[in-house]
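Below you'll find the structure, written out as structure tokens, and then a few comments.
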Amino acid sequence: MLKVEHLTKMFGGLAAVNDVSVEFETGKINAIIGPNGAGKSTFFNLISGMHEPTSGRILLGGVDVTKLPSDKVARLGVGRTFQTTNLFEQATVLDNLIVGHRLRTRSGLWDVLINSKRLQREEKSARDKAMEALEFVGLTHVAGQFIADITQEERKRVAFALALATDPKIVLLDEPAAGINPEETVGFAALMRKMVDEKGLTVCLIEHKMDMIMSLADKIMVLDHGEKIAEGTPEEVRNNPVVIEAYLGGDEDAAA
Amino acid sequence: MFKFASMLMTPAAKYLMLAFAVLFPLVAANEYQVYVMATAFVWAIAVYGLNIITGFCGQLNLAHGGFFAIGAYTLGLLTADFGWSFWPAFVAALVTTAVLGFLVGIVSLRLKEHYFAIFTLCVGFIIYLLIDKWEELTHGAIGVRDIAAPYGFGVVDFTDTTPFYYLVLAFLVFAIWFMGRLSKSLLGRTFLAIRNGDELAQSLGINLMRNKVLAFVLSTTYAGLAGALYAGMVRFIGPDEANIQHTFDMITYLLVGGIGTIMGPLLGTIGIVWITQSLQFLEEYRMIIFGPLLVLLVIFFPRGITGSFLTWMHRKSQALVPGKKREESKVNTVQPREAESNA
């Protein structure tokens, strides 16, 4: 699904991501872990086209997307969520989600002026898509609420729904479980599993909550100082001495 | 109270407002009041333009007054110096502001947030300087006289105040109609997504530059339309039309009325124009009343008249129908937890 070859990103003299090669398989949950400042978010920004890599290649389903801007990458099927999602607070949940399907529509200014058939058709499909995504994340009951009036956990689910409304093939989730309680975290793990099982999506997430990662991920990549130091199943990563040294072994101060 | 409030937002209420606007010249005390209202409508059209780029798309454009002046000067110079008649010059004014908007847009929109605001502030000032100093073309400080009035194809005479009022009203209705349609459309939602954040919008597959430039061109075209109507109404314009003060006035109208709303630009503009008019007798001292009024408004209606009203309405309606159910279910899920912690 997603293949990354020798990816490097330099910020000035600092290698935020250094020669990382990895492959994420279709229909798997892939986790990226690592201490703060390890380059995890930069790695996501490179894949999604937000930053252009200094060197290396990114292949999405065999297509080279290395130099594509993020809106084009999104159209090729990469959906993503951010650590914080800025939504339109004084608009309803549903209204916020409708734009998610915009990238699959073509209506322009002229369609708006004459209220064309195409515009009507596309607006309906965007609305249906938003409702479908809302149903998938289990939020149909707040469809008519203002974003300002829903809970933190519901906001995170809305962000998921927004990414899903783009019809992605792969979703990049940046700390989906940050700032929510353990009970809700279990709910989010179930939701990610559902994305894979029911929609056949490839999930890729950055997360710090180890309990969740270890039970959820099919494969884990560990980054430290921009370099990939380990890769494998949760079991393999857990027992990898390098990882324990850098991250799990409580030697975090040294790593940071 | 709630029933009354919801009535205000029905289509019926909008037709009522339109009916009032149509009847206004008949009930107005004198021609001057009609003239003031027509002026307010002209400014409102320009504020609608500002609402597209700043209210919807989230880019604070401080050159807006400059584009208003470009619209006014294009019409003024073409009719006064080049012998064009009104309507061709009017179309030329729209095209000029759209094309210049496109050129300024593709450069300035490379900048984000306050850098964009500062850049457009400079653009606005450059427009002012060009108009003031390029005397061969613009007559500089002397201004442009003998601007043609719109001809009414032998049916109406737009040099009279009342027919011109209706002409402006027609354009205003079109401006609002288009704004309403835009806001509900996928294109309007695209602009709103950009306002929420560049990165998020891009991650949704939205081409930032293309959409921002489109919003910018729409906004400058609105400004050009308003400027051209203004020139046709007052028939004498000077460099002061490009004064940065006008841009800040329009931002005030927008904030007071409700930024990013459909009726906000209209209500804000008409409200402030009439308050300013009725305080005219106080001359410079009117700011003593006007200032605190604005402060109170910002404190109690941070989203402007329309914005705060809509929010309040929505909360009401949610409390009446499905939201209530949700409140109950929320209480149910919270209670056991509380019981546990108490135990």
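The backbone N, Cα and C atoms fix where each Cβ goes, and this holds for glycine too.
Bear in mind that TrEMBL entries carry predicted annotations, made automatically and left uncurated.
Under the heading region 'Disordered', TrEMBL lists B:324-343.
Under the heading transmembrane segment, TrEMBL lists B:39-57 (among others). Within the chain, the transmembrane segment (B:39-57) has long-range Cβ neighbours (under 8 A, six or more residues past its boundaries) at 64, 67-68, 165, 168-169, 171-172, 175-176, 179, 182-183, 188, 191-192, 194-195, 211-212, 215-216, 218-223, 225-227, 229-230, 233, 249-251, 253-254, 257, 259-261, 264-266, 268-270, 273-274.
Summarising the annotation, TrEMBL assigns transmembrane segment to B:62-80 (among others).
Annotated transmembrane segment per TrEMBL: B:86-107 (among others), in sequence order.
The transmembrane segment annotation in TrEMBL covers B:114-131 (among others).
What TrEMBL lists as transmembrane segment is B:163-180 (among others). For the transmembrane segment (B:163-180), same-chain residues at least 6 beyond its ends with a Cβ under 8 Å from one of its own Cβ atoms are 18, 21-22, 24-25, 34-35, 37-38, 41-42, 44-45, 48, 51-52, 149-150, 152, 156-157, 222, 225, 229, 232-233, 262-263, 265-266.
Residues or ranges marked as transmembrane segment by TrEMBL: B:213-238 (among others).
Among the features that TrEMBL reports, transmembrane segment is placed at B:250-275 (among others).
Annotation source TrEMBL lists transmembrane segment at B:287-305 (among others).
Just going by CB pairs under 8 A, the stretch in B:62-80, B:86-107, B:114-131, B:250-275 that sits most against the transmembrane segment (B:287-305) is B:250-275.
Outside the transmembrane segment (B:114-131), and at least 6 residues removed from its termini, the chain residues within Cβ reach (under 8 Å) are 59-67, 69-70, 73, 104, 108, 138, 140, 239, 241-244, 247.
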